[in-house]
Amino acid sequence: MESARLIQTSLLVFLLLSLSVSYVHCQATRVGFYSKSCPRAESIVRSTVQAHFQSNPTVAPGLLRMHFHDCFVQGCDASVLIDGPNTEKTAGPNLGLRGYEVIDDAKTKLEAACPGVVSCADILALAARDSVILTNGPNWQVPTGRKDGRVSSASDTTDLPGFTESIDAQKKKFSAKGLNAQDLVTLVGGHTIGTSACQFFQYRLYNFTTTGNGADPTINPSFLPQLRALCPQNGDATRRVGLDTGSQNRFDSSFFSNLRTGRGVLESDQKLWTDASTRSFVQSLLGSNAFNVQFGKSMVKMSNIGLKSGTQGEIRKVCSKIN
């Protein structure tokens, strides 16, 4: 009798804990957060991204990358958008970010429709999803209700993964944000759209080793001449090269196929295949459908990193300035 009571009590405690956890989670963000306060919020963001994309398709990978860079530093709080000396946007890893004008445009329209309601952090999360859709990628429901942060410091950008880092180092940085190895491989798959400058991988092509042809041995020998032609040893270091060879403007799983055949452009990308601890995840994402489904899941997880509550956050009137 006593043991039955203990079991019932334990179950009740478990249920209450489960309810409280989901309640806290739901309080943070939820799908349709603006359904009453600003019903057109998502459609305004979508049409704004679409208009900019039509005149400049590079904003799609730019906005996806910006959302990632925002979430990994201070959480998903639009701190990457803040202007000023020594803010996040002045740090080395963020100097190449693109798409600020899209967020500003969407914010201006939203302030006209629903003043002081929609956060810049939510605009960025929605714009990243819309950018993926515009490049023939998957659609997913974006939970909203984020607040904008009040802190932006260039020194915090060390939380961002680097293009020369080992898989272990990358996994540690993702783990610190509540993301696992599956999320790491999936989110790096966002490199299926977009480009990188020669300066970030040129070192792999020449004098990487003192033996053989001098290149990184993980580069497919038939791919090496193509990369060297695009990035000559003393050529333009700022020249842009697609990260997903043959499919840089289309969101698909060919990025992972390229890693399997030694055609990864960045060293950190190619390591996803050469490192045994992540290779199985790459293999599991070689089919477009599997990648699309997992990408949406991992993006939702990432978009809930470090959410601000209470006085930690605000709804900025202008995305580049703290109120």
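Along the chain as shown, the residues are counted starting at 1.
Yeah, the Cβs are placed from backbone N, Cα and C, and that goes for glycine too.
Residues or ranges marked as signal peptide by TrEMBL: 1-26. What TrEMBL lists as domain 'Plant heme peroxidase family profile' is 28-323. What TrEMBL records for CYS38-CYS114, CYS71-CYS76, CYS120-CYS319, CYS198-CYS231 is disulfide bond. Here TrEMBL flags ARG65 as site 'Transition state stabilizer'. The active site, proton acceptor annotation in TrEMBL covers HIS69. Per TrEMBL, the feature Ca(2+) 1 binding site maps to ASP70, VAL73, GLY75, ASP77, SER79, GLU88. According to TrEMBL, the substrate binding site annotation covers PRO161. Among the features that TrEMBL reports, heme b binding site is placed at HIS191. Taken from TrEMBL, the feature Ca(2+) 2 binding site covers THR192, ASP244, ASP252.
Shown on the structure are the features that TrEMBL records.
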{"residue": "ARG65", "record": "site 'Transition state stabilizer'", "Cβ contacts under 8 Å, 6 or more apart": "LEU97, ARG98, GLY190, GLY194"}
{"residue": "HIS69", "record": "active site, proton acceptor", "Cβ contacts under 8 Å, 6 or more apart": "VAL80, GLU88, PRO93, ASN94, LEU97, THR157, LEU160"}
{"residue": "CYS71", "record": "disulfide bond", "Cβ contacts under 8 Å, 6 or more apart": "LYS177, MET302, SER303, ILE305, GLY306"}
{"residue": "VAL73", "record": "Ca(2+) 1 binding site", "Cβ contacts under 8 Å, 6 or more apart": "SER79, VAL80, GLU88, ASP156, THR157, ASP159, LEU160"}
{"residue": "CYS76", "record": "disulfide bond", "Cβ contacts under 8 Å, 6 or more apart": "HIS67, ASP70, ALA121, LEU124, ALA125, ARG146, MET302, SER303, ASN304, ILE305, GLY306, LEU307"}
{"residue": "CYS114", "record": "disulfide bond", "Cβ contacts under 8 Å, 6 or more apart": "TYR34, SER37, CYS38, ARG40, ALA41"}
{"residue": "CYS120", "record": "disulfide bond", "Cβ contacts under 8 Å, 6 or more apart": "ALA78, LEU81, ILE103, LYS107, ASP148, ARG316, CYS319"}
{"residue": "HIS191", "record": "heme b binding site", "Cβ contacts under 8 Å, 6 or more apart": "LEU243, ASP244, PHE255, LEU266, ASP269"}
{"residue": "ASP252", "record": "Ca(2+) 2 binding site", "Cβ contacts under 8 Å, 6 or more apart": "ASN136, GLY137, THR192, ASP244, SER288, PHE291"}
Counting distance between Cα atoms, which of the recorded positions PRO161, CYS198, CYS231 is nearest GLY75 (Ca(2+) 1 binding site)?
PRO161
Consider the recorded positions PRO161, CYS198, CYS231 and say which one has the Cα lying nearest the Cα of ASP77 (Ca(2+) 1 binding site).
PRO161
Sparsest-packed among the binding-site residues, when each Cβ's other Cβ atoms within 10 Å are tallied, from ASP70, ASP77, GLU88, ASP244:
GLU88
Using a 10 Å radius around its CB, how many other CB atoms surround SER79 (Ca(2+) 1 binding site)?
27
Measuring Cα to Cα, how far is CYS231 (disulfide bond) from the residue listed as 'substrate binding site' in Å?
24
Which chain neighbours of the Ca(2+) 1 site, leaving out ASP70, VAL73, GLY75, ASP77, SER79, GLU88, have a Cβ atom within 8 Å of the mean position of the site's Cβ atoms?
HIS69, CYS71, PHE72, GLN74, CYS76, ALA78, VAL80, GLY149, SER152, ASP156, GLY306
Using a 10 Å radius around its CB, how many other CB atoms surround CYS38 (disulfide bond)?
19
